[in-house]
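Heads up: the structure comes next, in structure tokens.
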Amino acid sequence: MATDTEPGRRHRRCCAQDTPDAPKVPDSRGDSDGPRRGSLCERHCAAINNVQGDLGELGCHLHRPRVPPATSSPSCCQQHSEEVCESCLVKTTLTAENAVEANKLSNNYKFGFKKWKSHVTERPWEDRSEIVKELYSDLNIVRGSGGSTLTCGNVLYLLLFGWWLSLLYVLVAAVMFITVMGAPYGRLCWDLAGYFLWPFGKVIQKMEVPKSHQACEAGVGESSALLGGPTALRWRPRGWVGTGYWHHASTAVWLCLGYPVLALAHGLVCVSAWLLIVLIPVAKLSARAASRVLLLPPGRVLIRALRMTEVPLEGEVILCCYRAANPYYYKYAVDGINVFAVNLLPLVLVTLVLGYVDSPNHLTGSAVKFTLALLSIMPLSYYIGMAIASISAQSNFAVGAVVNATFGSITELTFYISALIKGSREGNRCYAEVVKSALTGTLVGCVLFVPGLCMVIGGIRHQEQRFNSRSAGVSSALLFLSVGGVFAPTLFSKVYGKLVCGECHNVTQNPLGHYLCHNCHFDLMDNNGTLYYSHVQPLVYTVSILLPAAYLIGLFFTLKTHTHIYDIHISDCHMPGHHHSAVVHWSRWRALLILLLSTLCMSACADLATEHISPILTNSTISQYFIGVTVLAMVPELPEIVNGIQFALQNNLSLSIEIGNCIAVQVCMLQIPILVLFTIFYPTNFTLVFSDLHVYASMFSVVLMNYIFMDGKCDYFQGTVLVMVYFILLAVYFFAPSPSGC
């Protein structure tokens with residue numbers, strides 16, 4: 001990796017003087033060169049500290065320095081401008097809204113900690129953009145000019161919900177008119193039929209009771225016909241049902257014949273629109289109609305269309321909708337949980353119920369259950385990640401480090417261990433080979449696909465992105481070490497193992513001629529397993545001890561002795577009118593409970609996935625290598641991929657790269673040693689000897705990644721190269737024959 005030159009380090013010390021938390025290191029160089037460089041450094045650092053970039057929805061500000069055009073002489077610029085730019089661009093200053101968010105942002109830049117994009121505390125309302133404010137606003141705001149209501153989303157509402165919902169209101173209105181006593185509600189349903197056919201640009205208001213008649217309703221609370229409260233006798237609005245017997249009879253007819261049917265229909269619309277996400281305004285519209293409009297007396301509901309510049313009459317606005325769809329609802333969150341994770345949570349319940357209740361596969365087959373179990377891992381990975389980030393942000397460094405080390409790889413380990421246990425019980429070596437393929441696929445995907453995809457998507461918005469090459473160098477060094485350690489037993493077996501082939505044919509009809517052999521592999525069990533048990537197995541145990549030790553040394557290096565590598569300074573943002581008291585989405589105990597429940601559900605889903613993967617492995621024409629390196633490897637990492645893309649879009653490519661590197665390092669230095677340790681207490685078919693394809697793909701990926709990250713800057717072209725190489729490797733795995741034992 002590229003290292004900083006001596007002048008670059010000298011300039012970083014100067015920049016660190018403007019950062020309160022950065023240690024001041026005296027310069028031991030001569031006075032002749034120091035003052036001239038110091039003045040230039042101060043000018044650049046002063047310009048850098050005045051430049052602030054916004055991280056958008058993250059709720060903090062990322063200060064990315066951009067050096068202005070130099071004002072000194074051309075010779076001075078040619079001599080120092082390049083080193084100033086290279087060194088100062090590494091410095092990053094983050095301002096957070098409160099101490100909890102500051103701790104979370106700091107953890108994002110710590111090696112070995114889970115990187116989390118979303119907020120763990122509630123953002124101040126005034127800090128949110130107008131687009132986000134509109135997402136969380138109720139449908140009761142009347143705009144002076146709503147624009148044209150003929151949009152694609154509104155037409156989609158008409159085709160999906162509007163026509164049959166309006167027809168249902170017409171039928172209910174007919175039933176209400178037939179009962180005679182429900183005629184006022186029939187007229188209300190007739191008016192609502194026209195409203196729900198095309199509700200855009202229309203308003204539903206709750207008519208106010210005249211002040212002269214409010215005394216009659218004092219102490220009653222909500223003036224609703226359903227509550228049976230007394231109402232003024234002299235005031236008779238349109239649709240008034242009177243009091244006494246007629247009033248109660250009309251209400252009873254409505255509650256028995258009309259309201260349940262419409263409430264059920266609105267509930268169906270609400271759930272369907274919510275699952276589509278972009279149609280969440282329709283879900284809000286239906287929920288508010290069922291809970292407010294249909295529970296009001298018919299005479300208190302006023303439906304009217306608004307003109308472009310018309311201001312509505314005085315009174316409470318219950319519903320006013322202009323758009324049925326909003327593409328920005330992918331940002332919507334419920335109690336800090338993204339709407340996608342909320343929508344996928346019922347899938348976990350369906351998977352568990354269907355998997356354990358329908359064990360004989362009467363309702364669905366193994367392929368459907370395997371797919372559901374695999375999809376259920378995605379929301380559970382999200383909940384585990386958010387719980388870890390919440391606990392770490394609200395705790396000290398020691399607690400955060402323990403939680404990240406304990407639960408950081410729990411998603412992958414639960415699936416791997418479940419597969420190894422099932423393979424050991426059935427005596428099937430195919431499960432061990434699938435686990436090796438998944439480990440290799442995670443390593444290759446996080447080294448090539450994750451950073452490459454982030455570079456491509458981030459490069460569309462930003463022409464050139466820079467990242468901290470020194471911090472990336474630490475991860476690259478650990479990757480080289482981990483890949484060498486993991487594949488050392490494989491290389492050892494290739495050198496000293498005995499090549500055994502299943503079938504050999506003489507192609508020259510000469511006993512001493514050439515032979516064509518199939519199904520060849522290196523046998524480590526020759527001479528009663530002497531080579532394996534006396535040489536390979538001790539080497540595996542040695543590597544499994546050294547790799548976690550190297551990981552701990554890397555943690556100590558980046559988190560204690562050399563924290564200045566990241567050049568991160570986090571300070572609170574003090575803005576007028578802001579309150580800095582943190583209101584966390586999940587408290588520590590709540591996050592811990594969610595973490596444990598998610599881990600338990602993850603274990604159950606992993607058990608179901610391994611239970612129903614056997615028919616897919618045996619009956620599928622696709623290579624088991626390909627299934628392992630794609631589906632089983634990358635599906636659990638989808639939340640991390642989304643986080644990396646969001647960081648890249650906000651020009652924070654350092655975190656996007658660190659997400660992939662940290663996962664790859666944890667695969668080699670934590671997950672594989674844990675699996676080896678597990679095989680000691682529970683014997684399985686898992687051995688740390690990989691196929692040649694896994695070895696070559698992993699080593700080539702690490703070398704290519706290190707070459708791309710050398711200069712500390714990238715663009716979409718370099719990201720495209722990484723993604724294309726990843727797809728080429730996938731093609732190789734797709735056409736590769738299945739491993740022996742499968």
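Using the three backbone atoms N, Cα and C, a Cβ is placed for every residue, glycine included.
TrEMBL entries are annotated by machine, without manual review.
Just so it is clear, the model here is predicted, and its values are computed rather than measured.
Among the features that TrEMBL reports, region 'Disordered' is placed at 1-37. The annotation compositional bias 'Basic and acidic residues' is assigned in TrEMBL to 24-37. The annotation domain 'Inner membrane component' is assigned in TrEMBL to 152-202. Here TrEMBL flags 252-282, 337-357, 363-385, 397-418, 438-460, 472-492, 539-559, 591-610, 622-642, 663-682, 688-709, 716-736 (among others) as transmembrane segment. The domain 'Sodium/calcium exchanger membrane region' annotation in TrEMBL covers 368-488, 591-733.
Most Cβ pairs under 8 Å to the transmembrane segment (591-610), among the stretches 363-385, 438-460, 622-642, 663-682, 716-736, belong to 363-385.
Residues 1-3, 111, 443, 447, 535-536, 539-540, 543, 546-547, 550-551, 554, 557-558, 565, 654, 657-658, 661-662, 664-665, 668-669, 672, 687-690, 694-695, 698-699, 702, 705-706, 709, 712 of the same chain lie 6+ residues outside the transmembrane segment (472-492) yet bring a C-beta within less than 8 angstroms of a C-beta in it.
Of the candidate ranges 337-357, 363-385, 688-709, 716-736, 688-709 has the most C-beta pairs within less than 8 angstroms of the transmembrane segment (539-559). Across the candidate stretches 363-385, 438-460, 663-682, 688-709, the maximum count of CB pairs under 8 A to the transmembrane segment (716-736) is reached by 438-460.
Counting only same-chain residues 6+ beyond the ends of the transmembrane segment (337-357), those with a CB under 8 A from a CB of the stretch are 118, 274-275, 277, 280, 329-330, 363-364, 369, 372-373, 375-376, 378-380, 382-383, 386, 585, 601, 604-605, 608, 611-612.
Long-range contacts of the transmembrane segment (438-460) within its own chain (CB-CB distance under 8 A, at least 6 residues past either end) are made by residues 412, 415-416, 479, 483, 628-630, 632-634, 637, 640-641, 644-645, 647-649, 651, 653, 656-657, 659-661, 663-664, 667-668, 671-672, 690, 694, 697-698, 701-702, 704-705, 714-723, 725-726, 729. Under 8 Å from some Cβ of the transmembrane segment (252-282) lie the Cβ atoms of residues 135, 139, 153, 156-157, 160-161, 165, 168-169, 172, 175-176, 179, 181-182, 185, 189, 225-226, 289-290, 294-295, 321, 323-327, 329-330, 332, 339-340, 343, all in the same chain and six or more residues away from its ends.
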